[in-house]
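Participant: Just dropping this structure here.
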Amino acid sequence: MNEFFRLLKREFRLFIGNSTLRTVFFLAPVFYATLLGFVYKSGKVENTPVLVIDRDNTPLSSQLTDMLDDNKSISIVKYAQEPLSIKDEVIRHEAAAVVIIPARFEAEMLQKKYPELNVYINTGNVLTANFASKALQLTIGTFSAGASIKALQKAGMPATKAATQYEPFKANYITLFNTTGNYLIFMWPAMLAVVLQQVILLAMAVSFAAEFERGSFVKEYLKMKKWAFPTMLIKVIPIWVFSILIVSVYYFMHMIFRVPMPEGILNFILLTAVFVGSASFLGVFISILIPDALKATQILMVIASPAFIISGFTWPLSAMPSFVQFIANIIPLTPFLQAFKILLIQKGSVELTFPFLKHLSILLVVYAILGWIALKIKLWFIFKKNANGNQKCLRAS
């Protein structure tokens, strides 16, 4: 037990004394949390440029343009005459859409000939395209309904009846989760989890590999050669302790950027603890398998880099090929983000996160066992090789 605590203290000293690890583990999460917080601070895209080409130039077409301009989500760039190249103008203004009001728009509306309004959506950026499309549909739909009701009123129909004639039934669209469509609430906490997993894997990549490289493992861990799992704990406990500090910083940043905390805070703490444990044991396993610290880091970064993309947080797992789903499901970030979404964004019952907590627990146990087996074999080879070397030296002397 004394040897365990001696090595644990040594591990803390090595961690704190390593300037690279200090920078990666403490500064990187704070830097990324601050940077990404300001990136998504507005929560939604506003004043997105939209081109309006008015071929009619009548009071009614101007009224439609004014209504579009009143929508805060978009910013209108009006053309009284059609430009030579609409595509070039879209690129120049970084416009999300183009609205073309046809000639004789007002005349055909008055004659009930139902003129066609063409709206071209720039899907070069899907996010801004969706925001612009939603804003345009709302405004143009309101204008169309108002014009139809007004025409019926002019024909002598009462306002209440005119509304029902135009709209025989009323549909209410009610948003359930993240009702304001706030991108800060949606993306920022998830990206913090990505950063946490990456710094844990980076720190664990050098845990065993660095010891093997500099040849200090045999000397320091001679008395622990039969204790593989306690040796693993010596390496992961500092990561677990410092991860608490990172999560505490994240909590403080939530207050700064006014991002709500997840429902069921105790369950969230348990979920985070299992996530940190499974990620650290994954790092231990790779670090034991790959004795070169640089190669171990590269392999773990290959695992961590696409983790968010294939996690199913933004693009559903069901839309991915089976082999990609398999890769996603062996990365701790995937079940963590699925449960995190339920607690933070959807404000769902704690019970709904249990399958993902079970998934994370299985990963933790599997990576701990794999790491233990790998280290057990590694210890046997290392100390056997060391014993053979000592015997040769004795014979030579």
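Backbone N, Cα and C atoms are what each Cβ position is placed from, and that goes for glycine too.
Relevant sequence annotations retrieved from TrEMBL are reproduced here:
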type     : residues : note
DOMAIN   : 25-375   : domain 'ABC-2 type transporter transmembrane'
TRANSMEM : 21-40    : transmembrane segment
TRANSMEM : 185-212  : transmembrane segment
TRANSMEM : 233-253  : transmembrane segment
TRANSMEM : 265-290  : transmembrane segment
TRANSMEM : 299-317  : transmembrane segment
TRANSMEM : 323-344  : transmembrane segment
TRANSMEM : 356-375  : transmembrane segment
Participant: Establish whether the number of Cβ pairs under 8 Å between the transmembrane segment (233-253) and the transmembrane segment (323-344) reaches at least three, counting only pairs separated by 6 or more residues.
Facilitator: no
Participant: Could you give the residue numbers and ranges of same-chain residues that sit at least 6 residues beyond the transmembrane segment (356-375) on either side and whose C-beta is under 8 angstroms from one of its C-beta atoms?
Facilitator: 208, 228-229, 231-232, 267, 270-271, 274-275, 277-278, 281-282, 284-285, 288-289, 329-330, 332, 335-336, 338-339, 342
Participant: Do at least three C-beta pairs under 8 angstroms join the transmembrane segment (323-344) to the transmembrane segment (265-290), pairs 6 or more apart in sequence?
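Facilitator: They are in contact.
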Participant: Given a Cβ distance threshold of under 8 angstroms, which distant residues of the chain, six or more beyond its ends, lie next to the transmembrane segment (21-40)?
Facilitator: 15, 183-184, 187-188, 191-192, 195-196, 198-199, 202-203, 206, 242, 245-246, 249-250, 253, 256-257
